[in-house]
């Protein structure tokens with residue numbers, strides 16, 4: 001498979017060249033809103049998935065095709081949880097050759113482990129998932145591996161922050177199907193205040209989630225959570241993410257390969273694909289062909305059409321592990 005993809009426009013990281021370092025779908029969580037689909041292999045065991053040399057080569061080849069296109073970050077964002085990769089530290093060391101800042105987007109679930117904390121200290125930017133610090137809501141949203149303990153994860157985040165010199169951000173997903181109590185919102189905000197990241201991002205689902213019952217929250221729910229976060233953490237630290245990143249995706253000469261690499265982790269809206277293909281003077285027929293060949297699937301969410309690589313985690317027959 002293609003490990004490096006993009007760059008893709010990111011609402012947090014600018015132009016991000018993605019590194020899909022975990023196959024579909026090894027993860028410690030099975031989040032109800034995950035755009036990659038349901039977790040097939042729920043695990044907390046770290047191991048090698050790809051060799052560091054293969055990851056380096058894939059990034060090197062991808063950068064070589066971009067004609068000096070600006071890249072803001074090399075970002076470990078995968079079909080699963082990137083800290084499951086036991087070679088993270090070596091990979092970051094090798095990727096320093098490109099002189100581009102390196103980021104990781106993690107669900108935070110393994111941060112209680114000292115080896116994981118040490119491995120990600122060398123990233124320029126670390127993004128932690130903190131959907132809720134309320135035990136019941138955490139289990140309902142993130143559906144964690146049976147051996148994970150929320151308190152240990154939260155303690156691990158604080159321990160990491162005490163030693164980290166880079167930029168730390170957090171992301172909190174707000175869902176329409178969750179009954180947030182004021183107490184649960186306050187608890188999460190108070191934890192984030194203690195964690196003291198550079199920025200706390202609030203997000204809502206904008207792409208097809210793994211579970212069809214997941215809907216965007218009502219505006220009054222967003223407003224309430226935003227008000228509590230602003231009061232406890234401070235307005236300067238909080239940012240509510242907008243609807244979509246934009247359409248500044250980068251294609252190489254192999255458009256089909258690029259579409260499959262991007263949509264493996266990042267479902268693309270139909271209108272964005274059409275615009276990108278038009279810029280490259282390529283007919284939309286290529287998308288219809290990929291759907292007919294079973295390479296892509298067509299999804300609908302919140303009144304919009306998306307296309308995604310046909311991966312096993314999106315199979316409706318996949319059950320929760």
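In case you wondered, yes, glycine gets a Cβ from its N, Cα and C as well.
In Swiss-Prot this protein carries:
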- 27, 31, 34: [4Fe-4S] cluster binding site (BINDING)
- 11-236: domain 'Radical SAM core' (DOMAIN)
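Cβ atoms within 8 Å of the centroid of the Cβ atoms of 27, 31, 34 (the [4Fe-4S] cluster site) belong to the same-chain residues 25, 29, 30, 33, 36, 38, 39, 80, 107, 142, 143, 210, site residues excluded.
For residue 27 ([4Fe-4S] cluster binding site), the count of additional Cβ atoms within 10 Å of its Cβ stands at 31 [all protein chains shown]. Across all of the domain 'Radical SAM core' (11-236), the predicted model scores a mean pLDDT of 94. By neighbour count, meaning other C-beta atoms within 10 Å, the densest spot among the binding-site residues 31, 34 is 34. DSSP assigns residue 31 ([4Fe-4S] cluster binding site) to coil in the three-state reduction, outside any helix or strand.
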